Amino acid sequence: MAREKFERVKPHVNIGTIGHVDHGKTTLTAAITMALASVSGKKGKKYDDIDSAPEEKARGITINTAHVEYETETRHYAHVDCPGHADYVKNMITGAAQMDGAILVVSGADGPMPQTKEHLLLAKQVGVPSIVVFLNKEDQVDDEELLELVELEIREMLDTYDFPGDSTPIIKGSALMALQALMETDEMSRGSNPWVDKILTLMDNVDEYIPTPERETDKPFLMAVEDVFSITGRGTVATGRVERGGVKIGDVVEIVGLRETRSTTVTGLEMFQKMLQESIAGDNVGMLLRGIQKADIQRGMVVAQPGSITPHVSFDAQVYILTKEEGGRHTPFFKGYRPQFYVRTTDVTGKIESLKSDEDNTEMRMVVPGDRVTMSVELVQPIAIEKGMRFAIREGGRTVGAGVVSNVVS
């Protein structure tokens with residue numbers, strides 16, 4: 001069956017749902033796709049299509065970041081349904097690093113929970129620029145005052161993590177009630193169901209409040225590999241988000257990081273099961289690569305314009321060490337500390353070889369949470385690194401630092 005072509009008409013925005021497990025993120029994602037499809041007369045994705053990996057079906061929990069697409073009148077969205085369980089924070093980091101904005105889902109019946117805060121902190125750390133809040137399960141709360149208290153609590157929490165609590169849109173509704181109404185009918189216009197209207201109001205706010213991102217289309221092409229699979233008879237496909245630049249079918253690219261750099265040719269491009277001739281910054285794309293076996297390429301590598309980026313094991317970086325209140329370490333650490341460095345879609349263990357004060361460049365014996373330091377790092381595996389690149393430092397399930405590469409050594 002021939003694939004249809006992807007038509008680029010509206011600006012493309014990457015968005016995601018974040019929040020505590022079972023607060024209704026996946027239900028909301030399904031309600032959004034179905035509501036927008038129903039208003040425009042197309043077909044939306046049902047809940048079961050979004051919770052797509054087999055292990056999620058068994059647990060009813062979203063594990064790997066599911067990608068869905070939908071359109072409002074003004075934009076085309078790629079939607080990442082972010083996992084809500086603590087052990088999947090790693091996925092959230094790679095999923096969230098690709099978000100231009102997020103919808104924070106909070107159950108009106110429970111209010112903010114520990115993971116709500118953890119996801120907000122992560123959103124701050126990985127640089128999600130804007131957040132809109134959906135106060136879900138409104139149908140389960142009889143007392144209007146209770147909902148107002150939850151809303152106040154959410155605004156205070158947003159302020160704590162440096163998001164504008166006062167001006168952030170908070171939309172009340174029930175994803176489940178909207179979804180049930182949408183299941184009963186294929187086409188629905190605005191005004192025909194109050195629960196569906198609340199979902200459409202949410203998306204109006206997302207359209208207005210989350211800015212259209214500036215894409216780096218004029219820089220050399222780079223895509224961090226998120227996933228790899230083989231298509232029988234066609235070859236190996238690498239998927240990921242194009243970070244910068246653009247790529248066309250027939251272009252020669254390099255696969256960089258973790259192993260020897262390899263050169264290959266792009267023989268096919270797809271986005272949401274549609275064919276592309278060219279892919280640009282911001283696209284979530286599948287790329288067919290000539291002569292590459294599934295074993296040759298893995299998550300954490302990058303596909304890039306030849307010569308534009310090289311693999312390295314050692315670099316200097318300016319790093320902020322998070323305080324206990326920000327979710328970081330409670331205790332200091334010393335030279336020789338070996339945490340995980342999260343860069344794009346990969347995490348690699350690295351040893352901190354030296355520590356210097358950010359203020360006067362003097363050697364530091366010990367680093368305390370809250371410090372800003374310059375550190376030299378030696379990674380156990382080479383990955384694609386460049387000056388100005390951001391990364392997170394994590395250990396034992398918590399983010400301990402956030403940094404920027406200041407110098408590439410070797």
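Note: Cβ is positioned from N, Cα and C throughout, glycine not excepted.
Marked as domain 'tr-type G' by Swiss-Prot: 10-214.
Annotation comment: Swiss-Prot describes 19-26, 81-85, 136-139 as GTP binding site. In this structure, LYS25 (GTP binding site) is part of a helix by DSSP.
Sequence annotations record features per position, and here Swiss-Prot assigns region 'G1' to 19-26.
Per Swiss-Prot, the feature Mg(2+) binding site maps to THR26; the stated evidence is sequence analysis.
Annotation source Swiss-Prot lists region 'G2' at 60-64, citing similarity to another entry. Averaged across the region 'G2' (60-64), the predicted model reaches a pLDDT of 36.
Taken from Swiss-Prot, the feature region 'G3' applies to 81-84, supported by similarity to another entry.
Feature annotation from Swiss-Prot assigns region 'G4' to 136-139.
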GLY19 (GTP binding site) - helix vs strand vs coil (DSSP): strand
The region 'G4' (136-139): DSSP-derived helix, strand, coil residue counts: 2 helix, 1 strand, 1 coil
Inter-residue C-alpha distance, GLU138 (GTP binding site) and THR26 (Mg(2+) binding site) (nearest angstrom): 16
Of ASP22, GLU138 (the binding-site residues), the residue whose Cβ has the fewest other Cβ atoms within 10 Å: ASP22
Cβ neighbour count within 10 Å of LYS25 (GTP binding site): 27
